[in-house]
Amino acid sequence: MIVSGSTSQAFAAALADATGRDLAAVEYDRFPDGELQATLTDFAADDAVVVGSTVSSDAHVELLQLQDAVREAGANEVTTVLPYMGYARQDAAFSDGEPVSARAVARAVSTGTDRVLTVNPHETAVCDFFTVPAEPVDAAGRLADPLPADLADPLFLSPDEGAIDLAATTRDAYGRGSTDYFEKERDYDTGAVTVEPSDAAVADRDVVLVDDIVATGSTMSEAIAVLTDRGAARVFVTCVHPMLAADARTKLERAGTTAIFGTDTIERPVSAVSAAPAVADRL
Ligand code: R5P
């Protein structure tokens with residue numbers, strides 16, 4: 001059975017559809033002191049797929065509770081799916097005294113499961129932090145689905161070199177177009193992002209920006225500004241994880257994006273396509 005955390009109900013439903021597995025009923029409650037309690041009401045299976053994007057500290061706790069509950073209800077085999085793994089970008093200690101937060105949460109998640117699947121973690125090496133077998137799942141190809149069929153001489157562009165593979169995967173799934181990347185620098189004191197244009201000609205072309213995550217929207221809005229300045233036709237923002245924190249959505253609209261498309265690893269109004277089929281293939 002598939003057991004969903006409160007943050008991933010649409011993803012879990014899509015996963016149930018894609019795999020033909022039943023979806024367990026879960027009640028999500030909160031005590032007066034703020035503590036969470038997620039309760040299974042009809043779980044009956046030998047194996048469980050616990051699904052939860054850890055978009056907040058509460059979501060982390062809820063996931064641990066569900067892992068515990070399925071074991072208690074008799075599951076012998078537990079697979080945990082993290083459509084979005086929170087804290088994955090904190091994958092190193094940058095100064096004395098800092099935790100490696102990705103490792104800390106990975107260890108905690110590992111205690112309640114036999115296996116982990118996580119969709120497009122920021123770095124695949126984060127999977128090594130789990131103490132059970134853990135694999136990344138690439139859902140970038142799904143980002144081609146919501147794009148219009150009439151893209152003009154499309155360029156699939158990643159805002160930094162680290163995401164060029166995602167741009168290539170999306171281009172391959174779309175079926176035509178070229179790929180390139182910008183060089184990005186972030187000032188970690190101010191959060192300001194600058195991108196250096198590549199040599200790619202963008203005038204009158206439709207550009208599809210592709211990244212693993214849009215968080216504050218600074219990276220994408222800076223890229224849109226450069227592309228607009230250089231005469232790009234339409235600029236589409238695509239990402240696997242549409243975190244869209246704070247005013248990110250407004251920033252992107254103000255920067256002049258044509259449309260924003262993400263997957264349902266983080267459930268937002270822009271979640272135009274499901275990453276669940278990519279996970280289903282690996283279950
Ligand atoms: C960083 O390397 C990531 O791939 C994203 O580009 C970054 O995390 C996006 O963050 P923001 O939306 O805050 O600029």
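Any Cβ shown, glycine's included, is placed from N, Cα and C.
Pulled from TrEMBL, these are the features on record:
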ACT_SITE  Lys184  active site
BINDING   Asp33, Gly34, Glu35, Arg89, Gln90  ATP binding site
BINDING   His122  Mg(2+) 1 binding site
DOMAIN    158-259  domain 'Phosphoribosyltransferase'
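Residue environment of Asp33 (ATP binding site) contains 5 other Cβ atoms, counted within 10 Å of its Cβ in all protein chains.
Listed in sequence order, Pro99, Val100, Ser101, Ala102 are the same-chain residues at least 6 apart in sequence whose CB falls under 8 Å from the CB of Gln90 (ATP binding site).
Across the structure, His122 (Mg(2+) 1 binding site) and Asp33 (ATP binding site) place their CA atoms 34 angstrom apart.
In the three-state DSSP reading, Lys184 (active site) counts as strand. Within its own chain, Lys184 (active site) has Pro159, Asp160, Val193, Thr194, Val195, Glu196, Thr219 as residues 6 or more apart in sequence whose C-beta sits under 8 angstroms from its own.
As a summary of secondary structure, the domain 'Phosphoribosyltransferase' (158-259) carries 34 helix, 28 strand, 40 coil according to DSSP. For Gly34 (ATP binding site), the Cβ neighbour count at a 10 Å cut-off comes to 7, with all displayed protein chains included. The ATP-binding residues named in the record, Asp33, Gly34, Glu35, Arg89, Gln90, extend over a maximum Cα to Cα distance of 30 Å. Long-range Cβ proximity for Glu35 (ATP binding site), meaning a same-chain Cβ under 8 A and a gap of 6 or more residues, is found for none.
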